[in-house]
Amino acid sequence: MNWVVNNLGLIWSLTLDHVALAVPPIILGFLISIPIGWVANRFHASRGVLLTISGLLYTVPSLPLFIALPAILGTGILDPINVVVGLTIYAVALMVRSVADALAAVDAGVRQAATAMGYSAWQRFWRVEFPLAGPVLLAGLRVVSVSTVSLVSIGSVVGVSSLGYLFLNGLQRNIIEEVASGIVATLVIAVVFDLLLVLAGRVLLPWAKADPTARRARRKTVETAIAGPSAGGSAVDDPAVSDPSMAGR
């Protein structure tokens, strides 16, 4: 406990660095996955290819990816952009399937009614399909959020400042309090992010407060997502993600 009290400034600084690395991939992953997921849903011939590619991307171990990205991007080995890009790739890999399944779950009759009312394809997507797909999209985004927060720590192995520093330094110096403080701080960030997304969902999606499909889909995938690419698992291969109707069976 004394170590924590004496190093509150360090913990706070690393927490801010951790948050700064986690937020951009979550936002970018969501924005990038929307058009890709739309294509996968709209053109069925491309669905299998896109979802397979996204699934394969998520199985790439994170540490080798962070090491390889500087050579690909031309950045420095310690540049935080490497971690942001790597985490964005994982976020897209997770989110693409959620977007495709969320859009596919929109009732065809609703689409036809919107078309009959004179909506263009663009208007129909943003005013009808996207809002109705919101609950499933939110469930997928919550999984991405938890996964991203946990994976940020791996960036410390390649010298990028985050709460992962507490794990590495604590293990090297055999300071259990330091390791524990890193774990607790990471969990707090993940919980805060999740609560913020839940609140955002209640404000932006008031018609879907108790959507069972989204809740079951997230419950089935969150443990696999937390395991992360470093464990060699792929949350996007879970049938609860590929077909929300299978969740909970």
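Placement of Cβ uses the backbone N, Cα and C atoms for every residue, glycine included.
What TrEMBL records for 15-197 is domain 'ABC transmembrane type-1'.
Residues or ranges marked as region 'Disordered' in TrEMBL: 226-249.
Within its own chain, the transmembrane segment (20-41) is flanked in space by residues 47, 50-51, 54, 80, 83-84, 87-88, 90-92, 94-100, 102-104, 125, 141, 144-145, 148-149, 152, 155, 160, 162, 189, 193, which lie at least six positions past its ends and keep a Cβ under 8 Å from the stretch. Marked as transmembrane segment by TrEMBL: 20-41 (among others).
What TrEMBL records for 48-69 (among others) is transmembrane segment.
According to TrEMBL, the feature transmembrane segment maps to 81-104 (among others).
For the transmembrane segment (150-168), the residues of the chain that approach it from at least six positions outside its boundaries are 11, 14-15, 17-18, 21-22, 62-63, 66-67, 77-78, 80, 82-83, 87, 90, 178-179, 181-183, 185-186, 189-190, 226, 228-230, judged by C-beta separation under 8 angstroms. Summarising the annotation, TrEMBL assigns transmembrane segment to 150-168 (among others).
Here the transmembrane segment (180-205) has long-range neighbours at 3-4, 7, 11, 14-15, 18-19, 22, 26, 131, 134-135, 138, 141-142, 145-146, 149-150, 153, 163-167, 170, meaning same-chain residues at least 6 beyond its ends whose C-beta is under 8 angstroms from one of its own. The transmembrane segment annotation in TrEMBL covers 180-205 (among others).
Non-local neighbours of the transmembrane segment (81-104) in the same chain are 21-22, 24-26, 28-30, 32-34, 36-38, 40-41, 47, 50-51, 54-55, 57-58, 60, 62, 65-66, 69-70, 73, 75, 129, 133-137, 139-141, 143-144, 147-148, 151-152, 155, 158, 160, 162, 217, 225, 228-229, 235-236, 241-244; each lies 6+ residues outside the stretch with a CB under 8 Å from one of its CB atoms.
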